[in-house]
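Okay, so here's the structure we're looking at.
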Amino acid sequence: MAGSARVTRIDFDPGPLPSLRSSYERRPARFSDVDRASWESWHWQHQNRLRKLEHFEEVLTLSDAERRAFEQSAARFRVAVTPHYAALMATANPGCPVRQQGLPQPGELRHYDFELEDPLAEEAHMPVPGITHRYPDRVLFYVSHHCPVYCRHCTRKRKVSDPTTAAARDQIEAGLHYIRTTPTARDVVISGGDPLTLSDARLREILEALRSIEHVEVIRLGTRNPVTLPQRITPELCEILRAASPVFVHTHFNHPDELSQESARALRMLLDAGCVLGNQMVLLRGVNDQPETVMELNRQLLRLGCRPYYMLQCDMAAGISHFRTPLTTGLQIMDHLRGRIGGMGVPHFVVDLPGGGGKVELVPDQIEGRHDSPWGQVVTFRNFAGERFEFVDVDPPRLDAHGDDER
């Protein structure tokens, strides 16, 4: 294995970027004396994360409800926010969509009987620690339970941020062994936590090991780093990803306010490294549950070469029900998107069923009625503008019986 190979630093110019603001230019006063070189270091960002209530008091005007939520829920699910992500938050608006995702919310303290600690039964479908094998041809491979920012809507709160559940080297090796000895595992999703919390050297080892397995055809990597810590996308990391190309990178942008000059640069660098980019947006009440918000996010992502892939219904995880929306909200958003943005900008709206049932896709019903004809059923459709159109759904035997050969 060439895991010890040294990667030479390559300067990268992403070219012209959309007119997005830089988080450095918006940095809070707490970081006013930080130079740009430090700000652009992912190590500095990680080491200077905001964790304590007094840290947030220095950069935001907190409401009483936010303070109470922080004091009561931070012990259950750790708090950590990078300076970059904090710079994207509105200073005095508790309803800020970025703020709601990074700061403890009062809703986390409410619990309901239908909520589940492990809503997708990932542990029940775990043949070895660190591997979930739920679908016949693909596996989830957990390589880290840490993240730069601990998102308040996390579906894996039961173990993410918990140091006692960290994926040790022997667990990762056991996962690789399972994949090697399971020929049906053709598609591997590297997940966490966030895999990019690992060192470059460790990531290289994992990717090289997976690429050496003949039956592994697809490698995917799920990361929120382009959102919360875009400085992690370095030329060195990109060369590692390029060597394993193609790597399908699933990002997790949930709102247009999460886009910045830094995140745009990170996406361009990943594209240049040969990665295929897709975004998995979680539908969150009060954050992105308006059609115009989703359309703006998807337009911006397409400009940056990242295709909207999934719009995920919020899972039935404990402590996140305040983020959940009715299913009709997602269907209404999908109905709005179709015809108003190109098909590349329309994601799959899916529900990941509790108990390990897997993903099912929901689409708006645009059939308004049916009536019979000599050739088959005539179906009345409603288009994106609310107009009605008829389409003949032919029945081949009836079609043959009623054809007119002389015309």
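Note: Cβ is positioned from N, Cα and C throughout, glycine not excepted.
TrEMBL does not curate its annotations; it predicts them automatically.
Around Cys151 ([4Fe-4S] cluster binding site), the C-beta neighbours below 8 angstroms that are at least 6 residues distant in the chain are Gln101, Gly102, Arg224. Under the DSSP three-state reduction, Cys151 ([4Fe-4S] cluster binding site) is assigned to coil, being neither helix nor strand. The [4Fe-4S] cluster binding site annotation in TrEMBL covers Cys147, Cys151, Cys154.
The domain 'Radical SAM core' annotation in TrEMBL covers 133-344. Confidence in the domain 'Radical SAM core' (133-344), given as mean pLDDT, stands at 94.
Taken residue by residue with DSSP, Lys359 (N6-(pyridoxal phosphate)lysine) is part of a strand. The N6-(pyridoxal phosphate)lysine feature in TrEMBL is assigned to Lys359.
In this structure the C-alpha atoms belonging to Lys359 (N6-(pyridoxal phosphate)lysine) and Cys154 ([4Fe-4S] cluster binding site) are separated by 17 Å.
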